[in-house]
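Some notes on the structure that comes next.
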Amino acid sequence: MAVERTLSIIKPDATRRNLTGKINAVFEDAGLRIVAQKRIQLTPATAGAFYEVHKERPFYNDLVSFMVSGPVVVQVLQGENAVAKNREVMGATDPKKAEAHTIRAQFAESIEANSVHGSDSLENAKNEIAFFFAGTEILP
Ligand code: GDP
């Protein structure tokens, strides 16, 4: 297994409920290291560009509105097999289908307000990390 980096976003439903620390503890307990982190307010343009891949999906406009509804915490997680490991600890998109103890099973409010984003491939992780972070902001 290789050491990888992946992009994580703690979404507005979770920052609103003051869950950043609880979610970060799940990452750290799973062996993922938070090597970059910042709390930011997304604009509609930035959220729309980030989720460009979903532009044709019926939920795109709602998703962009949700992502700008409050601050988010963007972060880079590093560790062995980090992309798959993060997807595992996040749980399924729909919290009703997420395995017990995953972040979404524990904290998500709905399929949309599901508390976290995580890159779904190593290639997307590289692009998504570069979307939010300069190399100098990542400190292993
Ligand atoms: P993820 O990789 O598990 O985050 O899931 P996707 O890439 O398929 O979807 C991106 C995000 O869009 C999800 O995390 C949800 O916030 C939202 N989303 C996905 N499916 C739906 C849906 O059916 N309805 C709504 N309202 N939002 C959705």
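Any Cβ shown, glycine's included, is placed from N, Cα and C.
Taking the domain 'Nucleoside diphosphate kinase-like' (3-140) as a whole, pLDDT averages 98 in the prediction. Annotation source TrEMBL lists domain 'Nucleoside diphosphate kinase-like' at 3-140.
There are 12 other CB atoms within 10 A of the CB of F59 (ATP binding site), with all protein chains counted. TrEMBL lists K11, F59, R87, T93, R104, N114 with the feature ATP binding site.
For H117, the entry in TrEMBL reads active site, pros-phosphohistidine intermediate. Classification of H117 (active site, pros-phosphohistidine intermediate) by DSSP places it within a strand.
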Request  = Would you mind sorting out which binding-site residues among K11, F59, R87, T93, R104, N114 put a C-beta under 6 angstroms from ligand 1?
outcome  = F59, T93, N114
Inquiry  = Please give me the binding-site residues out of K11, F59, T93 that lie within 10 Å of H117 (active site, pros-phosphohistidine intermediate), comparing Cα atoms only.
reply    = K11, T93
Ask   = What whole-number distance in angstrom separates the two most remote CA atoms of the ATP-binding residues K11, F59, R87, T93, R104, N114?
value = 21
Query = Under a criterion of Cβ-Cβ distance under 8 Å and sequence separation of at least 6, what residues of the same chain contact R104 (ATP binding site)?
reply = M90, G91, A92, T93, P95, A98, N114, S115, V116
